[in-house]
Every structure is written in structure tokens, then in C-alpha cells.
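Novice: The structure follows.
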């Protein structure tokens, strides 16, 4: 009798499952997806593993045929798709096919969400054979008991869930491949659009505009320091004057109030004592885990999901992509037993705490929890420190969610002083309850003990402290709060949040600074154009409804191709109109805002333009016929608009107060340096609003305050410049093109040696040859055709020795390093980011041996890393 083949999608998951299955099973990994829609027009070849069984036809030589070839899916012919084995996965597929031929049965044990279902379906389609040979097994946690139960009751592939995943993929493909070329034509090359990503960018853009339109308003608060009859200190805040909320808007009003308060008599009007409770939060779902990891651990969404994936695959937590707060009965019994044994009965509620899941959540799924509550974070020796921290957070939330409420005695004191009312609030913890395992992030102002005073007691004024404040604009999104907003609006699902957050940053429409989102100007322009021409596509409710439609497909409540057809019909109508000229209702181009600045080359006026790389000045003569065209541009150096995280929550308000306001629409203006004598202030709503101002004076680029830098090649001074990739130092000698980077710490990068061509060393992945380059992370070999070929690798010491005479003097010591370790393994040059020094190490079969040598006091010394 042969063995059964079990296929999972990750090697780590395969390793864990293998521990629980006997010798009758062979567990192998597909290493993620094995096939997908083509990345180029190669779909025209229609590979043998296509989902279609029709005879391959020669593609028509028209635009539609070419588009279908590129997309790999044909929305005009019943959504016929052409899947291809992913590059590099041929060997994996071949091995799985060979194992499948020998296997008695094949178990598809990929993840339990739609993505996992789709991977399982692709595996079955590619491997082939009788469908009866395949079984689908799913489990919420990788434990011995869960694995045994899953294999005792295997099921079949859920084709509805597969179709829901395909429908999402096809819609995203259509939008990306059909709208992006329109953006290239109308706005700028290299732009892209996405069905969900563009809506997420809209959220960031709208928040950016709310912030720029916000005008901070001044207001004042007055605190009073008093003492009680027994001499205890009592801090109060003025809340009312003449029974109206106290909110003076300037210093004069505040001083008038202070004068009255200084003469008033203070007495306690009311003391209110009442018990309050604080209930624990629900166990984590994907979005709340991402938010808690951001707030408590400082993790980004991508890092959180990567750590959670590793914990799941190692068997330590349940599946991490879920929107259900449901807990299995076994899990509830387990944690209640743990609470009773370790904290006592007073921490255990009479009945389990229940939490409501949102509408459309997958109740069959569980919340994210530890597989075994008795396993502590410190015992996860095979996990990295960040994974242990995330596990501890999940463990704490799981245990806390089934504990009793925390109990407090809350006190409110109301004090009278003439026409004024003052208040003080305090809270005393009487029973810690769930906070014993999940402490609060920080104590609020109420978490203080108020002195024992009663109604009628007189207080003595010690000091009045007026403080100026300004109203704050809406807070910028963090990764976690953007996920929360997407979830609230029903956009995306647990399995897509992380990819949405990553994609909108990769596209260059937004950026993250100090863990907060900023909209790029091109992101604003693209959002405006898409909103004007694709209202449904950019509509929050429509996007949420489409998510619901996909849920219906997964639940066998809707036919997937009917959903796609309805979407495509509306979409193509909008696309056809958008492709027309603006006069006919088509998409507006990326217009220039003309200025009074003269072109230094031809004298025509320069205009404010926006490209993917940022805002710049371009000559209006660029629109002329080729022979008359002027291509002159002027780089604009943006003022440092990134907020200093150390400034705290007032940073955004302070930045807005410092900005100029557009004379036409009142929006905060963005400021740029044209040259050392001119600064350009551009309306934050540019190019929709053409407001701008030119300021003259003496200016310089912020970013380098060190000593004068001398060019190492010609001896001239180097000055700070701003380019498409940021700030750099450039030689002032026009004949010398030398430049040097500005490092993150603000220092000028040390001089780098010129590349050394090594035509004797051919590249493996192209016809190029290697050159030896000196970079920020030491020397490395790179293709001479960069960026066409991006092949790089570390140089072998024996290679450097071979070409020692070509190396600059500064690098020749590397050629003198040991060429082999004591075991005869070849050595290569590496760079330590910790010490900023180069060293050599050896490898065997692609893995580090642990041997290394370091250059110390003019000689090479062997030593362990």
C-alpha cells in the first residue's frame, strides 16, 4: 500500500504537520501559489494547464486581443482565463506531480480562507487525475488534535469559495489593466489604478485635504491649584462661566476671567461618588490585532501579519486571517480552567463572556488565540523576539476576554468660585479583573485619588495657570487606523488588508513618515480624475457592496460570472466615456499651472507641473511642435513637511499655523525652494486651484549643517542639491559630475570608488558581465547593464585576487584575505552593518558555515562571528 500525499503552501507548515502525521503520509509544500494569470502577453500561447478546454486560437491582431493576452482573462468571452505556472515553480510542480503519481490519495491542506481554497484548486488542476483522488482538509490551528480531526473527516474542494477568489482576481485585473493605460495617456507614464487600492488612496487623500483646509482656532484653558481644609492639594479645571461652557478665545478674555477667579471664594458644591466597571475587549480578529500590535508594539501591518503567519505555521496560534470573534467551546473551557487555576474564582465570570461578530463574518472561523493557553511566550525558543512579543499580546487578549470586569470607584467634584464652576475627576481601582493580564496602555487623567472633601468645604486658591491651545485637525491615518477605517466601511477583508496597505505605498500615491500616511500630490490628482470618471469604482458603498457580492458567491448565493458581467458592463461604459476628450466628458489631463517665472532658456513662462517623481517647474514651451519645443525644467526642493514625532500631538497644528494660506481658496500652501533667492508657495489644492505666491529672500536647503565638503575628484566645493531620490551633495565644478549621498543620519556619505569592469566574469541571468561596485554596504558585483539587468552577488576572494591589479589601493586588502576556510570552502566578501566593516566568510551548499575572518591591525584574523 502506497503513502498519501499531503500538500500545504509553506515549508514551515509542512514541518509542523509532519510531526502529527504518521509514516503513511508524505507532507510537501507548494511554497505559495504555483500558477496565476500571466504577467505579460505570454497568455497568448495558452499553456496546457489553462482552465479552458477549447482549442487555442491565434489571437486577433487588434487592441482588444492584445489586451486579453496581457490580462490573461477575457471578459468578452465568458471570462475565459489562461493560467500559467509561475516562473521558478516548474521544479516544484514537477516534484508534486511525481509524488502524486505514486500516492494512493492526495490531501489538499492549504489555508482555510478563499486564497487557500484557490491554491488547493490550482494544485488539483495542475497535478490532474481523477478528482476522487483528492480530499480537502482544513483546520483552524495546527495541533495534534485539530490535524487528527481534519484527516478523520476530510471534505471536498469548495468551488464557490474558489470562484469568489477568482472573481476578485479578475475584477482587480480588469481595472488595473484597463484603467492604467488611460492614466498614462491622460496624466503621466508609470501610473496605475486598482479596484480597492484606489479607494484606499482616496481615504488618505481626503484626510490630507481635510488637514490642509483646517484652520487652527485659538482657545484657552485655566487650571486652578487649591488646597483642602486639611492641607491636601487639589487640582481643578474651570469648566463653566455663568452656566455656559468656559472657552475663552484669546489672551484678553482669559486674563479677564483670571482676574475674577483670583478674587473669588472657592467651595465644594457637589461630590459624586459612584462605582464603575470596565469590561474586557473581544479576542483579536485580524484588524484589531493589527491595531493593537501597532499601538502596543509599534509593528506595521505587514510585520504583524508576517509574525502571525509564523506563529500559526509553528502551531502556536489559530489562523490569523479572520473577522470572527467566535471561540470554540474547547477554547473557552481551556481558558476558563486556566483562569480558575491561576487567578482564582473571583477573576472568572459565572458564564463565558460572549462577543458579537460583525455582519457577514465567517462564524465557522475562530478569533485569533493561542492554540494552548498553557504555553507562555518565553517558551517559544524557536521563534524570534518579535514573534514572541506578538504571541504574548495575543495570549493576554485571549485570557483577558474571559475574565471579570475591572471595578473602580469614580469621583467627580464640582467647585464654585463666583460665576465660575470648576471640576476634578478621580478614579480608584478597587478590583483589577481583566487588567491583571492586559494592563491599560496608560493611565488617564481620571486615574488619580481625590482628597477627602465634602459639600460645603472651603478651598484655598494657590495658583491659577492659564494655557493657550489651538484646535487640532483630523488625525492622520496610521497603517492600523487605515485598516480600521477600511473595515468600518466594509472595504476589503482580513486576507486583503495587509496587501492593500502595502500596495498603496508601493504605487507611490502615498508615503508613510513617522508611522503616519501623507498623500503625494500625484495621488491627489489621480484620485480626482478617477472620482470624476469612475464614480462607482471610487464609491465607498459600491466597493463595500462588491465585497458583499463576493461573499454571496462564496456562500453559493450568487453566480460568480453574473457578478462579473454586471460589474464589467457598468465599468466599460464609464471607461468609454473617460477615454474621450475632456470637452465630451472625458478624463481631464494633468494640466500645468502657469506662473510669472521666466524660463532661463527661452524666456517663456514656467508652469507648475506634477509628475510621479514630484512637483517641478516646466517650460510652457514644451507643448510646442518638436522643433520649437523647450524641455527646460527646474527642480523644486520641498520644505521639510514631515512632522517631528517628538513634537507630540500638537505637531500637525503647529505645522498648519506656520503655513501660508492660499489667497484664492484658503487652503494651506506647500512651499518649495526654487533657488537660494526664491521660494514658491503652491496651493495645497493645486492643480485644481491655481493659487501660488513667490517669496524672495535668502534661503538654503535644510538637511546638512556640517562642514564644507571638498570634492575628492577635483577639489571644488560640494553643495547640497535636491533630486528625484532626495538630497545629495553635488560638485560645483560644472565639468565634474561627482555626487555623494546624504545618509539618514544627515552626514555626507564617504567617497566611493569608481566601478571596476570585470568582463571576464559573465552574469548568469543575462549576457551582461559583472563590474565591482563600492556601495553603502561595501563592495559587490553588479551587472554592467544595470538597471536593465539587476543581477548582483558577493565577490569571491579568489576573484578579487585574480584581478588585484585592477583594484584601487583602498580595496586591495580584500584580495589578500583567505581564499578558503580550513575545510576548503570558498570565501566571499561580506559587510557588517553593525561594525560598518567588511569581512570574509565561507558557505557550503548555499549556507553559511559560521567561519569568518576580519581585517585587524593590517592583517586578516580568523574568528567566529
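Positions of Cβ are set from backbone N, Cα and C atoms, glycine also.
Pulled these from Swiss-Prot:
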ACT_SITE  319  active site, O-(5'-phospho-DNA)-tyrosine intermediate
BINDING   9, 111  Mg(2+) binding site
COMPBIAS  39-54  compositional bias 'Low complexity'
DOMAIN    3-142  domain 'Toprim'
DOMAIN    158-575  domain 'Topo IA-type catalytic'
REGION    192-197  region 'Interaction with DNA'
SITE      33  site 'Interaction with DNA'
SITE      168  site 'Interaction with DNA'
SITE      169  site 'Interaction with DNA'
SITE      172  site 'Interaction with DNA'
SITE      177  site 'Interaction with DNA'
SITE      184  site 'Interaction with DNA'
SITE      321  site 'Interaction with DNA'
SITE      507  site 'Interaction with DNA'
ZN_FING   599-630  zinc finger
ZN_FING   662-689  zinc finger
ZN_FING   711-736  zinc finger
Novice: Do you know offhand how many angstrom separate residue 321 (site 'Interaction with DNA') and residue 111 (Mg(2+) binding site) by C-alpha?
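Specialist: Distance between the two Cα atoms comes out at 10 Å.
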Novice: CB neighbours of residue 507 (site 'Interaction with DNA') within 10 A?
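Specialist: So the Cβ neighbour count for residue 507 (site 'Interaction with DNA') comes to 21.
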Novice: Give the mean pLDDT for the region 'Interaction with DNA' (192-197) on the 0 to 100 scale.
Specialist: 90
Novice: Counting only residues 6 or more past its boundaries, what in the same chain has a CB within less than 8 Å of a CB in the region 'Interaction with DNA' (192-197)?
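Specialist: Distant Cβ neighbours of the region 'Interaction with DNA' (192-197) are 171-172, 175-176, 179-180, 183, 491-492, 496, 500, 503-504, 507, 526, 530, 537, 543, 546.
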Novice: Look up residue 9 (Mg(2+) binding site) in the DSSP assignment and report helix, strand or coil.
Specialist: coil
Novice: Of the recorded positions 9, 33, 169, 177, which sits closest to residue 319 (active site, O-(5'-phospho-DNA)-tyrosine intermediate) by Cα distance?
Specialist: 9
Novice: Rank aside, I only need the closest one: which of the recorded positions 9, 111, 168, 172, 507 has its C-alpha nearest to that of residue 33 (site 'Interaction with DNA')?
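Specialist: Looking at Cα distances from residue 33 (site 'Interaction with DNA'), the smallest one goes to 9.
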Novice: Give the number of CB atoms, excluding that of residue 177 (site 'Interaction with DNA') itself, located within 10 Å of its CB.
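Specialist: 18, counting other Cβ atoms within 10 Å of residue 177 (site 'Interaction with DNA').
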Novice: Just to verify: the residue among 184, 319 with the fewest other Cβ atoms within 10 Å, which of the recorded positions is it?
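Specialist: If we count Cβ atoms within 10 Å for the recorded positions 184, 319, the smallest count is at 184.
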Novice: Of the recorded positions 9, 184, 507, which sits closest to residue 172 (site 'Interaction with DNA') by Cα distance?
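Specialist: Considering only the listed recorded positions, the nearest one is 507.
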Novice: CA-CA, which of the recorded positions 9, 111, 177 lies nearest residue 169 (site 'Interaction with DNA')?
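Specialist: Closest by Cα distance to residue 169 (site 'Interaction with DNA') among the recorded positions 9, 111, 177: 177.
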